[in-house]
C-alpha cells in the first residue's frame, strides 16, 4: 500500500533534491527523465525559506521531519560525476568524484494525495544562489502541470516588498504555464500576532494579495500550526479541489440515513483532511475533525514504526460506536453510531456495500482514474 | 464546512458531570486478558486533589492537547521546530491533568514554586535569614556612631536597603524577552552587564560569603574558648575574676579591652600564677593561639561533604538563638537599669557623644546586617500571594529593624556607665559578660551550635558558586574542594589569631559586597531599564545616582573613619 511505502521512504535520508524532473532531458546534465509524469498533477507549496512550509507539510501529511532535509547544495553537485537513472524504480543515483554512490528518490516529495496530486515544496526567494539559478532555469518545468499553487507568507516577515515580488513572479510563471491552476495564499504564523490584531492584519494582507493576483483569483486563509486554522484552511483547499463534492455530500447523507448513523465523515486518505461530512444531530465539539485527524495520523506513525499500515479501527463504549475504514481509493470513511445495540458486523457490511457505490461515483466522473478532473 | 470560529478561550467549562460511571470503558472484546485491553485510566488515588465538582476540559483545550501530542511525534526530541511556544501554552496555574474521559484534575503544587507559603511564613523566613551574627555588633556600632546618630542611621539604612531590595525583586519583571522563572539576581546582573556582570556578582557574593565565614570562625573560637573556660572553672570550682575592669555586683559586666589601649586582645590575664594546673590549661586553651586550631579538626571534615542538606535541618537553632539573645538582653537591662546621658559633641569620661564621626562604621555593619539581596528572589518565589510580595518584604524589614534597634538600644542603654565607660562596649557584646555568667554561657552555647551548623552551609554555597563558575562543575574533585576549604579555613584561623575584630571584618566585607548588590546593581539596572523604556526622568536619575554614590562613599569611608 502506498501509505506504508511512503512512510518507509520517509524514514530514510530525506535528501531528495527538490528539483522537478522534466521530460526528455539528456543524461549527464542536471535534468532527469521520469516515467509517467504526464498523469501527475502538481500541488506547489511555495514560500520564503523559513515561512513554515516543511512543518506544515509534515503536520498535514504526517511526515516525519528528518531535519537534515537540506538541498543537495552546490558542494555536492560540484563533485558530481555521473548521473544514472533507474527509471523502473523511479530513483536515480549520483556517483561523485570519489566514487561514492548516493541514491535519491525522484519523487522527492513522497506525498501524493487525492489520487494523482503530488506535493512539491519549493523555497522561493531563498538565499541559496544555486537554488535560485536552478529555479529560474527550470521555471517552466516547475510550473507546468500545476493543479494548485499554495503560497505561504510569514506574517512576521520584515521584507514585505520582496515577498510580494517573489509571489508575483510565481504568478507570472503560473499564468504562462498552468493558467487554470487554483491559487491559495496562506498567511502563516498568525499565533505570533496579538489576538485583537489578527483580523485587521489578515484583512490588510488579503486585500493586498487579491489586488496583486489579478487577473488570477486567489483565496486567502490565515493559519497557524498552533490552532485549528491550519487544518481548516487545508480542508477548505481540499474541498475546493473536488469537483463533484455536492454530489458526494448528497450520497453521503443518503448513506448516513440508511444506516442510521449519527455522523459520517469522509477523509482524504493521506492527510485525513475532512472532505465532506454529514451529521444528523448537533455535535458538541467543534474541534472534532482536527482531533480525529491528529489522533489517526499519530496512530499511523506508530503503525509505520512497526512496518505495519493502518487499515481500520473500531472504537466502542456504552454510548457509541465509531468505525474508521478504507473507503475508496482516495478516501477513508468514519461512521459514528450512537445506538450501541447495532452489532458491528451490520455496520461493516453496510460500509462495504457503500464502498462499491462510491467507487462507481468516482469512476463515473471521467476517463481518468482519479477523483480530480479538469 | 462548519464555521468553528467562535471558540471560548476558557480552558474549563464547569458542567454537570454526565459520566455516571466514570470507570473504565466497556469493552466488547472477547479477550481473555481484559486488563491488557483496558484503556488508559487514572487511579483516583494518584491524583492529589480534586477541585470541587469535576470539571470537563473544554474542547479548545483538548484540541490543543491532541495537537501537541501529535506534533511531538513528528520530530526528534532534539528538534525545537514543533515545540509549543510559550504564548500558546496555558500558564502553569492553568494546567490540569487531563483524563481521556474528559475530566480534568488540578494537581496541587504542580506549578512549582507558586504559592505554598503564607505571608506569615514568608515574613518569618526573610527575618530568619537576615538575622545573622551582625546582631552582636550592633551595640558597638551604635557606640561608634553615637546614640542618636546610631538610631537614625539604623532606621535610614533599613529604609534604603529596603528600597534597593524592592528594586531587586522588581528587576526580574523588567526582563520580558527571556524565560526568567529560574533566575536569581546574579543572572539578572549577567543579563544586563554581560560576563562582567556575572563575574563581578560572583566576586562580590564570594566576598560576603567568605567574610561571613571568617566572622563565624572568629566567633566560634571565642565562644568555644569561653565555654571551655566556664566548664573548666565550674568543674574545678574556681571563682575566677579576671583582672579586668568590671562592675562589682551580682551582674558583672566586664571591659576586657580597658587595659590595652583600646585594642581588643584575646588574652585574658588570670592571676593564679602559682597554680600550675591552671597554667597548663591556660597554655592549651588560649583564645587566639590554640582554640581556633582545635576548631579545624571539628569543622574542616564537615566542609568536605558534597551536600550539606543535613545541616539545613538545624535552621531552627538560628531563631532560637536570636530569641534567646533578646530575652537575655531584656533580662540584663532589667537588672542593670538604664544609664544614659546625652552629650552632643564632646566625649566625656564615661559617655560618648551623640554624634560621632565614626558613624560609617555603623553603616558598614548595617549593610551586612540588612543584606539579603542575593537570595530575596528565591525566598519570595514561594509566597502564596505574589501580589503581597512587596508588603511582606516591607514588614520583614520593619521587624528586622525593630529587632536590631531593640537589642542595640537595650545593650547600649543598660551598659553600666558610671563604673565603665561606654567605649568599653565590645564588638561582640557578649564579650562584655564574663565567662562565668550563666546566661551568657547559655547564649554562647546556642550560638556556637548554630554557627557550627551554618558554617558548612556557607562553605557549600561558596564552593558551589566559585567552583561552579570557574570549573563548571560543583564538585570537580576532592582535591579541588579540599584546597578551597583549606584556604577558607586558613583565612578564618589567621583572622582569629591576629585580628579578631568581628566589627571590623563585618563592616569591610559588608560595605564591599553591599556596594555591588545593595547599591549599584539595583539602581543601575533600573536606570538602564528606564532608559530602554524611555521613561528616564531627571529626578529618578539623580536619585539613583545618589544611591550609588552613597554606596561608594560607604565603602571608601570604611578605610578612613
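Here the Cβ of each residue, glycine as well, is placed from N, Cα and C on the backbone.
The domain 'Amino acid transporter transmembrane' annotation in TrEMBL covers B:119-237 (among others).
With a cut-off of 8 Å between Cβ atoms, the residues of this chain six or more beyond the transmembrane segment (B:120-140) that come close are 154, 212, 215-216, 219, 315, 318-319, 322, 325, 365-366, 368-372, 375-376, 379-380, 382-383, 392-393, 395-397, 399-400, 403-404, 407-408, 411-412, 415, 425-430, 447, 451, 502-503, 506, 510. Annotated transmembrane segment per TrEMBL: B:120-140 (among others), in sequence order.
If one looks beyond the transmembrane segment (B:146-166) by at least 6 residues along the same chain, the residues whose Cβ comes under 8 Å of a Cβ in the stretch are 138, 340, 342, 352-356, 359, 362-363, 366-367, 370-373, 376, 390, 393-394, 397-398, 400-401, 404-405, 408-409, 412, 518-519, 522-523, 547, 550. Marked as transmembrane segment by TrEMBL: B:146-166 (among others).
Taken from TrEMBL, the feature transmembrane segment applies to B:199-219 (among others).
The feature transmembrane segment is assigned by TrEMBL to B:291-307 (among others).
Feature annotation from TrEMBL assigns domain 'Amino acid transporter transmembrane' to B:299-556 (among others).
Per TrEMBL, transmembrane segment is recorded for B:314-338 (among others).
Residues 122, 125-126, 129-130, 132, 134-135, 137-138, 140-142, 144-146, 149-150, 153-154, 157-158, 161-162, 164-165, 168-169, 172, 183-186, 201, 205, 208, 211-212, 386, 389, 392-393, 397, 400, 404, 503, 506-511, 513-514, 517-518, 522, 554, 557-558, 561 of the same chain, all 6+ positions outside the transmembrane segment (B:358-380), place their C-beta atoms under 8 angstroms from a C-beta of that stretch. Here TrEMBL flags B:358-380 (among others) as transmembrane segment.
The transmembrane segment feature in TrEMBL is assigned to B:392-413 (among others).
The transmembrane segment annotation in TrEMBL covers B:438-458 (among others).
Under the heading transmembrane segment, TrEMBL lists B:478-502 (among others).
The list of residues near the transmembrane segment (B:508-529) in space but at least 6 beyond its ends in sequence, with Cβ under 8 angstroms from a Cβ of it, reads 134, 161, 164-165, 167-168, 170-171, 174, 185, 188-189, 192, 197, 200-201, 204-205, 207-208, 210-212, 214-215, 363-371, 373-374, 536, 540-541, 544-545, 547-548, 550-552, 554-555, 558. As annotated by TrEMBL, transmembrane segment applies to B:508-529 (among others).
Per TrEMBL, the feature transmembrane segment maps to B:541-560 (among others).
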Distant-in-sequence neighbours of the transmembrane segment (B:199-219), which means Cβ under 8 A and at least six residues beyond its ends:
132-133, 136, 185-186, 189-190, 193, 292, 295, 368, 371, 374, 428, 447, 451, 454-455, 458-459, 461-462, 465-466, 469, 488-489, 491-493, 495-496, 500, 502, 505-506, 508-510, 512-513, 515-517, 521
In the domain 'Amino acid transporter transmembrane' (B:119-237), how many residues does DSSP put in helix, strand and coil?
104 helix, 0 strand, 15 coil
